[in-house]
Amino acid sequence: MGSPVHQVSLGDTWSRQVNPDIERERNIQSFNVERLTNILDGRAENTALRRKVESIIHSDPKCSLKDNYFMTQNECYEAAIQRKFHIQTIAKCLGWSENSPEFFYAYRAVSGEVALTTHSVFLQALRSLGSEEQIAKWAPLCNNFQIITTYAQTELGHGTYLQGLETEATYDAATQEFVVHSPTMTATKWWPGDLGRSATHALVQAQLICSGARQGMHAFIVPIRSLEDHTPLPGITVGDIGPKMGFDCTDHGFLRLDHVRIPRDNMLSRFAQVLPDGTYLELGKLQINYLSMVITRVNLLWGEVTPILQKACVIAIRYSVIRRQSCLRPSDPEAKVLDHQTQQQKLFPQLATAYAFHFLTSNLLEFFHSSYDAILNKDFSLLSELHALSSGLKAMASDLCSWGTELCRKACGGHGYSKLSGLPSLVARVTAACTYEGDNTVLYLQMARFLEKNYLQAQASQDSTSQRSLPQSVAYLTAADLAKCPAQKAADFLHPQLYTKAWAHVAARLIKDSAHHLQTLMQSGADRYEAWNQTTVMHVQAAKAHCHYVSVKNFTETLDKLENEPAIQQVLKRLCDLYALHGILTNSGDFLHDGFLSGAQVDAVRTAYLDLLPLIRKDAILLTDAFDFMDQSLNSALGCYDGNVYERLFEWAQRSPTNTQGNPAYEKYLRPLLQSSRAKL
Amino acid sequence: MNQDLRREREGASFNPELLTHVLDGSPENTRRRREIENLILNDPDFQHEDLNFLSRSQRYEVAVKKSASMVKKMREFGIADPEEIVWFKKIHLVNFVEPVNLNFSMFIPTLLNQGTTAQQEKWLLSCKGLEIIGTYAQTEMGHGTHLRGLETTATYDPETQEFILNSPTVTSIKWWPGGLGKTSNHAIVLAQLITKGKCYGLHAFIVPIREIGTHKPLPGITVGDIGPKFGYDEMDNGYLKMDNYRIPRENMLMKYAQVKPDGTYVKPVSNKLTYGTMVFVRSFLVGEAARSLSKACTIAIRYSAVRHQSELKPGEPEPQILDFQTQQYKLFPLLATAYAFQFVGAYMKETYHRINEDIGQGDLSELPELHALTAGLKAFTSWTTNAAIEACRMACGGHGYSHCSGLPNIYVNFTPTCTFEGENTVMMLQTARFLMKSYDQVHSGKLMCGMVSYLNDLPSQRIQPQQVAVWPTVVDIDSPDSLTEAYKLRAARLVEIAAKNLQNEVIHRESKEVAWNLTSIDLVRASEAHCHYVVVKLFSEKLLKIQDKSIHTVLKNLCLLYCLYGVSQKAGDFLQGGIMTESQITQVNQRIKELLTVIRPDAVALVDAFDFQDVTLGSVLGRYDGNVYENLFEWAKKSPLNKAEVHESYHKYLKPLQSKL
């Protein structure tokens, strides 16, 4: 039952025994949990490797996360640096190479609570934007940590809108140097990770000015701290931007550059070059700058956002079979809260979403890898679809994962508010993803532009004979559509094809409506920019529906591939059904709007949805076990595998510094207060 | 002042001062509130540390210090009116979290409510003078909202005439009470009373927990802080484990139930009055929701007027982000919601006071509805506000995530409202219970009054069964009254669906409880629709009382936006119920966009009218003068990580990392 890895206890006496309430949940096995774990990992070998890495990391007490919740920002940062240091040492010993799966699994094991994560963003950017010579020069320095790097794009006054960045890099042909400069207060680089206290070099995005002309954004390697004593170099003002909602482990920083000179070779030049005399050469599309953002977004979904929702589900669902509240039958003991319909309604759609996004991002990653090489070789045909998908799906996944994680937290009642539940930290972390790497609204609109373009193209090609095929993700815009949903009873809504079509219908209608609305406004005299702004709310709605359609379709396709695993296919199909139907119910207005669904059909959807809840209820614990998070990674008093919630909570709380370090406030303020009053009495 | 904000303020169509008077209730209230606020702001003793740079222990210490000085100051300034105390504390404490507060908000009131005259005489003076600091310990580690499940026992021993308090299991440890961890020396403990071998249910006991003079836990008491939380850093929420701990018989609060020296139990007469405190706390929380959301809107809207981003037209300077339709669509419905909740909060307060007078005269008739309504509205407003604060934070982009924005603090300190004082889902189900009862009563021929009177008009109640035809399909989307009717129809329909589904389940299931559980999603939906209707109704009715024409116009637009946005979000309900047609929904969506444009020029003035001092907002982004960026930079420099130019972890880890590899 389960894997031995799960059973590694935290050394507490009570964890030798599994709480019978959770043990019973694991008794009925309608499917093979281990097999599902393998599917989630890609294959059984990956599971084995992951577990090996995790047990190495967790056997090192220096990598422990247990005291994290008690730390100040300063202590958290230091612990994260220490953890990074130990992982690097282990990696060196065992010969793990950078970008290897081992590193990814090590990162997963410590829940991303390590410093120097922007280091790899720099490397990615270097590999995408740097020439071969530049890669050969800088990558080894990075890999050996001879330099510590960060990626500095966002400024105090400018974020998602790249062209608005103010930092300048002016070429001086006399010395063959770039002069990098922050001309205003708002040009101060703000938010880059690892910049505040750690980095020695920054990849700075700046407006290139050469021979008097502005050439747009380019990336420059700028040394910022001494490699001798780590002090800031002349012309550099650098520091930490202060406390945040979460990410205490990361020293997000600010950077002001006062006419800092760097050699000409420090401009990354795979796609553009400045010759010694100041001539500007474009070697590729400007758009290519987006490539490093695409990479970052896809990795973000896979390594950060989706696992957080998965962990939140594990914690909340496990706790919900331990926690008892109110009686469902007068004579019974208090019921497990997971047996309350309202609790199922909160948690199971989140569980379904966690699975949906797992498969979605894993496929996106595959698509990315298959198109990446082509793009590096300057074949840009897939770039716009890749960019649109990574933008829109990043927005949707971070939105829904934030919402879902917070919902899981609230579903744990008061204890969800304690940091020892692990949930506040997950919430604080995942919610940041809604605004970093591109504000979600802006990203939805980027997706919307892609949709509008393809819709218009689909219209045009229908009229003419030239049949240019649409990118795969929007091919449905030209497919045959039904005006009304053919479902007659609740059970009909359990057909993946049927609800995928329903989502396609709604997405296509919303895309069409917003495109037409835009056209109408333009025809009535508004210029395109004004008309676009006046239709952005509609466009965002259309992009959301499209993303929803993509995720539903992807989930159903994943099911198709599981033909040889009927038991797993069945249990995942319920989640897929729930995911699609929950989406229909929360957006029922869109489905009713043009009469695609009738009122009676929406009622049938509701019936089908409610009937799924008790079916999923039976497998809920096993479905969370399958994610295979070790207790040390969950770092939660509520979510441990053995279910010994209350004992752990009590023991852990007693170790809080507020309990172990005396009470200076009593001596200073309470005692005088108590005594002054007594003197008066 | 920032030029953008100056222009915004000059362009407003109304005088925000007049709107502030409306929100405060009268110009006199506004004057007095400011007077109190200025007392603090001009007080040299008032030092305002930026809590964001302090550790949890330090924040607790600051809060205790402030609590201590506050007692003196309030006496000095002669502030005694409860309303004024709230104003005073709010500006003094910034986060409004105060370890000693439980002494005043729970310990003393419970003593007054449930203690005999003799008990009050014995304890009251010393708690008011803070010779003892008390807290109220109800929730246990394993048991929250469902009170009957509490496990702590108080067993009477007639030989010594003492109660033996005991925490028999881990789950019975008292958990969460504020001020329990480090501050209090007494607690009112709720425990199962056992005497003569029989359990009589929950009763309240005064338990000394720390020694006077040394503040050390007394023998048999294990007490401490429950550790770090999402927010409320300043509060020492605590745990309490009692190990066969003895207290004198007189420490049981005996105004209602009594235990005689020989152990005989005397039953209480009635306990309906305990409703009163809950109703009071929950109606106060509705007001808190309004205030927290108003703060968040103030910050997000001011910042959106200062922040420039992207381009609308090529070549033109970057516009204020408040000019983007998507930004308006994010923020203005929330602004409208903030105003709606302000008026609901004021209504709840008035109603509570009115009904309290009735209760004083022995009239309890309105209490059940008020109890049901406060439960639902507490849940409805706190859920909405919870999501809305987050939306405001995200609307500020990356900077919203920094503590400099003040928004993370507002959020983490507000969000427990969803789970404390009654978990929201449970609250919604309480309202649903009342709705179902009312529905049944209408069915048995009784007419309902109050907010549920619409149930009298349900189609199924009419003599002729003409179903759909009786629903008026013409909703005037420019009339708040007509929209209120639409919300009423939606509520009526969802209440009826829930009631019918419940009846249906009752027939098929073994028990009422099982049937109730299997309908609970429908029941929560019905309660939400009912609460939504109440909010819309109260907002519309408020418009009738506004004299000033310019204020009336701007509030009417907000009211319309609130109503229409809700219709758009819940379009499925309105379509499915035949309350609106598809083309009307299209019109609604169009009208919302027009209203965004209409409200845009007044947005900054509308948040100015909330009249928050910068100290209360605690936000660099939301400053009244709009000088955001300069102050952001200054603020960041104070970060503890910036104390030394080279952080010590460089020498410990980074340097070795560079050389070792």
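Easy rule for this one: first residue shown is 1, then count along the chain.
Even glycines carry a Cβ here, placed using N, Cα and C.
The annotation domain 'Acyl-coenzyme A oxidase N-terminal' is assigned in TrEMBL to A:32-148.
If you take the C-beta of A:T154 (FAD binding site) and look for same-chain residues 6 or more apart in sequence within under 8 angstroms, you find A:K189, A:W190, A:W191, A:P192. Residues or ranges marked as FAD binding site in TrEMBL: A:T154, A:G193.
Per TrEMBL, domain 'Acyl-CoA oxidase C-alpha1' is recorded for A:290-451.
Summarising the annotation, TrEMBL assigns active site, proton acceptor to A:E437. Classification of A:E437 (active site, proton acceptor) by DSSP places it in coil, neither helical nor stranded.
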Revision key, fill the gap. Rounded to a whole number of Å, the separation of the Cα atoms of A:E437 (active site, proton acceptor) and A:G193 (FAD binding site) comes to 12
Revision key, fill the gap. Across the domain 'Acyl-coenzyme A oxidase N-terminal' (A:32-148), DSSP yields 85 helix, 0 strand, 32 coil
Point to revise | Local Cβ density at A:E437 (active site, proton acceptor) - other Cβ atoms counted within 10 Å | key: 25
Exercise for review: Under 8 Å, Cβ to Cβ, against chain B: pull out the ones among the recorded positions A:T154, A:G193, A:E437 that qualify, in sequence order.
Suggested key: A:T154
Study note, to complete from the structure: Students should find that the Cβ of A:G193 (FAD binding site) has, within 10 Å, a number of other Cβ atoms equal to 23
